[in-house]
């Protein structure tokens, strides 16, 4: 529940910031009449992401067992790529995202008689990017942790992001966004490492990867996945009490370079904004 909550909170807050920045800029530049058009783009993006998620989830439920495992592995790999890209993309562009959005709005509203649709499409693509990232992560998360709690966590994360977005727009709160994105990014890298290890496990169960399947270590006597804390670790970080050598290797092969790249100072002009 916690991982879907945090990821969707972060993704939802990014989308809320985009919408808030666009709405604030339209109001500040005496173009508030276009805010309704902006919301059309938001709703279209939300409908696309929701429809795609439902379609993929319903379609894959009919797959045979091995094809299901293969699909789970592919979705996990896509989720790892998306989460990693999300972390480093936000780290790179967060300082200039406000200027970039304002320039995109100006460009959309200068395209002749059809600039309303240009604004709709600009907002649609900006919000849909965040939503599609969430869709593939949730597909991977729901496959690893079945039950009602992951969807509930995702809905709570989305609701929290919406509330925070409105409060930011109205000026009711100020968040240290730099710290928020920094610590959630670090957490996400560990989540992605667990997904990468889970992808190798899924590929093995699908019959595509049969190398290095010896048990690396057995922690069942110390931290069983049947215990409360073990279950939480499994749901959050993909913990396995008796992982294979290939799972452990993939975990380290992904995480160590990712952490090194993360702790290195960002290039000039790519530091995160402090607050909003």
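Residue numbering: from 1, along the chain as shown.
A Cβ is built for glycine as well, from the same backbone N, Cα and C atoms used for every other residue.
With respect to the membrane, residue 140 and residue 213 are recorded by Swiss-Prot on the same side.
When Swiss-Prot is compared with the stretches 96-116, 180-200, the one noted as transmembrane segment is 180-200. For the transmembrane segment (35-55), the neighbouring stretch richest in Cβ pairs under 8 Å, chosen from 2-22, 70-90, 119-139, 180-200, is 119-139.
Comparison of 2-22, 70-90, 119-139, 245-265 by number of C-beta pairs under 8 angstroms to the transmembrane segment (148-168) places 2-22 first. Here the transmembrane segment (70-90) has long-range neighbours at 7, 11, 14, 60, 63, 133, 136-137, 139-141, 143, 181, 185, 188-189, 191-192, 195-196, 198-200, 202-203, 206, 208, 254, 258, 261-262, 272, meaning same-chain residues at least 6 beyond its ends whose C-beta is under 8 angstroms from one of its own. Applying DSSP to the topological domain 'Cytoplasmic' (23-34) sorts its residues as follows: 9 helix, 0 strand, 3 coil. Helix, strand and coil content of the topological domain 'Periplasmic' (56-69), in residues and according to DSSP, is 10 helix, 0 strand, 4 coil.
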